[in-house]
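According to Swiss-Prot, the protein carries these features:
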BINDING   60, 62, 75, 78  Zn(2+) 1 binding site
BINDING   535, 537, 539  Mg(2+) binding site
BINDING   891, 968, 975, 978  Zn(2+) 2 binding site
């Protein structure tokens, strides 16, 4: 067998009959499988041991040789080789066919490759192959030409003879008629009788004439067919063919069935044909040229690949190894078998019958019928159901053919090659583990024992608890007490991976240090739930064990949860306090006016109270019960840094040093909160809303090492839970208060609604107007009830606390609980004009309950659909971008894109761009950022973090040029500098990072949050597509619904307002021809945009428009943008449009992820003129390949090819990839494989998918070539200390925040310079 790590490419081609016979270990001659009495394989059958190898290790069929010592001997009695039984998984056989058959993939695929090669229509091809028509395979033109005159003379003689015969017959009949009539005359018969005789005589003469004419026509037909006879001509009329064969058999040959196709291919001159086709393409026009282009693709494929087209017609069929199509006995004595065995059996049966018929010399018609049946059975074996009705098994189920085994989700590619099951894994229910550190998880003892079994067994032997591995295994299985101690020792420092399905992004798998726990549930740290999207309502998680030292190192350094605090999509922290923790911290930092022990200033006779010399004193007071943590106090602080403005005021330019004292007016709770933050972090004197907490953690992530951030969020978690418990925030029915003003508010709106109803009944309003008015009224009513509710609730109400702290829920939900539900939609998505007036606290009436179910049901159905759609979108995105890997440090390009930092207002002030976080942030500057005076504020090549952006804004810079993957010039993949900072680590992206997959996950993961619907815009007929469908539409580069025209030129608008349509004409500024857009539906509305004077209004007559500007509401067609404005603009357009959808849902994704996908969509060029290159006109070529080939041609002073950029949807781009393995495992498997085989495609194994399929390490991360050859060798000391390492947590979370000594080096402090 090949070792998977030692080949560089994988080629697929057409197998000839010779290849098939070479692979084979013998011919399968009988359809039998096994003998049902002895259950042993039949000789020469489909499971024959002589062909495929023995069924039991080292044992021949007849039992003469049993034992490994006879290895390699071939038994002289039964002919079976003595070897391992596993060879039955790899040895193939073959069936020698009595007549050739065509391969259905090449004849029936779209387009039919055989048809294109031979220039035959698929319909004609089908007639030939299935014995419905003859085809002429060759004509001896010379001989025919030489003897044409003789043959013509013979034909004339024959025609003359027919005519003479006709004339003689007519003469004789006429005379007989005359005689008959004379006789009747003599007898004096009536005129009636005479007329009858005459009529019958004339009728007979007419028949004679017709018969002769038919014979003459037949001769004419035969002759004209013969004179025009040419190869590849079809003759459907069997009699005509027989006549031709009888008369002129020596001048031509013809046949039917696959044999005739085989003959045509044998005589086919590929080079000559290619030359003819190239000539047609150069000089032809229209349909002829198109057809020649399509044919040349197939012909050139055979010409260039050196494949023999004879492979499309088979003389032998390979039989796959028997273990891959097993026959197993079930418990009832019945057998279950793979469908392939049935299909092979049909082929063998028909083949044997055909051989017998040929030997017997059966009539041609019977033999042909048997050949047709053989062809059909081979078709069914290769691709059942592709032609005609599929062959069915018991219960009318179509049998699964070889093609079906590869196709689809259950096929070989997706089920077994890309989705393998893994050993050293387990799964269990998860429960919360609030006592864990961020990098720990609780692993049930029993599960850990099973997972680490080999390690435990080895260690038991090492420690002399067991004599050998076998007794160690017994000890483990019986769970002896010493096993647990050893287990504790073995799992120390050995990370495990936890995974929760669905794994929508890379944080769905993270590494943790296992802690042994009782019970059978895995304990999960509360802060990682956000990343896993886990909750504890019965979710399950899988555990995997990294085995090798390298795998453990990767798990520990790259995948440990405390190193994955930031989201790869937006670079913002995901490990944030949520729910209870937020409530706890919010409660802790709330200030309550006049609470127990609050600060009171000095009055005449009493001194001031609530003043403390240190936090310790305040805590003692709280413990004594004289001070509330939420009361305002004055306290002297020495270990907490004052806020910036106080620091400047008190400590001047030297700044605050630990130990310097200052007095803060704050609450004890806030002091306690600030003590959780790292030393030297400025004091935060605010109430901790969730957003404020997020901002703090964000800031920590920007400024401190990850290890500090991890420790801090862990402390916040502990504190949050502690204070949430102490706060006693719970929800009970008594907390849901209905506002007392609700009834009077509703009564007043009821009156207004009555008025509208009356107007409607009087006919003053039509139905739509009435509904609109009512919807408006009840929307107002709902808002007012909400307002009343807000005023009525006390500030310390638990529900309000939960909502206001940002822990969960929103005000709308509170209003639904206690106020009123308000308006709901019907199944069409329109508002029902009667609202739900009850709140859930009061209870709904039956009618209200019924109306409410519409929306609820639609929501559930929507969610289910959305999940499937979103998963499919992710799959396509991953497929198109999976080979985008960071390949080099810097591609040295000068190009970049301009991004906005701020907008300058009329009065000169700058308004910060709201989307700066996802556009400019975390990029590399492509050119110096210079202020108006010409000073460099940030130099080229610097990373734009928050401080740099602030510096630019302070210097009044409104836009900067940044590097982008859209302009990266790296051949395959991208360079680190163009990509910029990795969002997940906050550092420049590493070489080998699979940024394509990260991008696909970042876009696909929030897909389920996007809405499904297309929403109606206030009474406009045209739907505006939004949500998930819009994202799909953009990435698939489809023409959008409600497509809006864009200006092709810069110029003045002339607007004609028709009855139902607008007509817009643009008069170009450069005096060219005016561009007219007619039939623009009025329902779509004209576009509102900014005019030169800064005002915003609708497009009107005489306005000036720029090229590419949208003229109507709706979405521009990206293909139009590409045509009018070029590739750069369409890239920016796509990124902007995708971002709009995500922003509408409040999802933050960095532009760079979308750019990675968009770059893949614009990777190809379509060839317009091939020049001196090898490219075919109309073909799609990778841009890098196109440019390289053009450079080569120009260097040889030839004519370069001309091409234009083309925008491909992600599905099409995935299928057009250079890797046939990747494309075949994506979609349309048979089509991809057919194409690849004809072209003799070679897969260079550059992407990730191809390598996963063949089982190599993926060429990303540590699998990239430059790291591939680093082996991990433990040092002597490490070997000795292998099991004596102290626990991880001691050094990881030392109580003060100084870096502790010890074995663990935080990733941030680790220098990688020597590896690069």
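Cβ from N, Cα, C; glycine included.
Reduced to three states, the DSSP call for residue 975 (Zn(2+) 2 binding site) is strand.
The local packing around residue 535 (Mg(2+) binding site), expressed as other Cβ atoms within 10 Å of its Cβ over all shown chains, amounts to 11. Comparing CA positions across the binding-site residues 535, 539, 891, 968, 975, the one lying closest to residue 60 (Zn(2+) 1 binding site) turns out to be 539. Cα of residue 62 (Zn(2+) 1 binding site) to Cα of residue 539 (Mg(2+) binding site): a distance of 55 Å. Compute the center of the Cβ atoms of 535, 537, 539, which mark the site for Mg(2+); besides them, the chain residues with Cβ within 8 Å of that center are 430, 534, 536, 538. Here the C-alpha separation of residue 78 (Zn(2+) 1 binding site) and residue 539 (Mg(2+) binding site) works out to 58 Å. Around residue 75 (Zn(2+) 1 binding site), the same-chain residues at least 6 positions away in sequence with a Cβ under 8 Å from its Cβ are 60, 61, 62, 64, 65, 81, 82. Most other Cβ atoms within 10 A: among the binding-site residues 62, 78, 891, 968, that distinction falls to 968. Neighbour density at the Cβ, taken as the number of other Cβ atoms within 10 Å, is lowest among the binding-site residues 60, 975, 978 for 975. Here the binding-site residues are 537, 539, and the one whose Cβ sees the fewest other Cβ atoms within 10 Å is 537. Same-chain residues with CB within 8 A of the center of the 60, 62, 75, 78 CB atoms, the Zn(2+) 1 site residues themselves not counted, are 61, 63, 64, 65, 76, 77, 79, 80. Same-chain residues with CB within 8 A of the center of the 891, 968, 975, 978 CB atoms, the Zn(2+) 2 site residues themselves not counted, are 888, 890, 893, 963, 965, 967, 969, 970, 974, 976, 977, 979.
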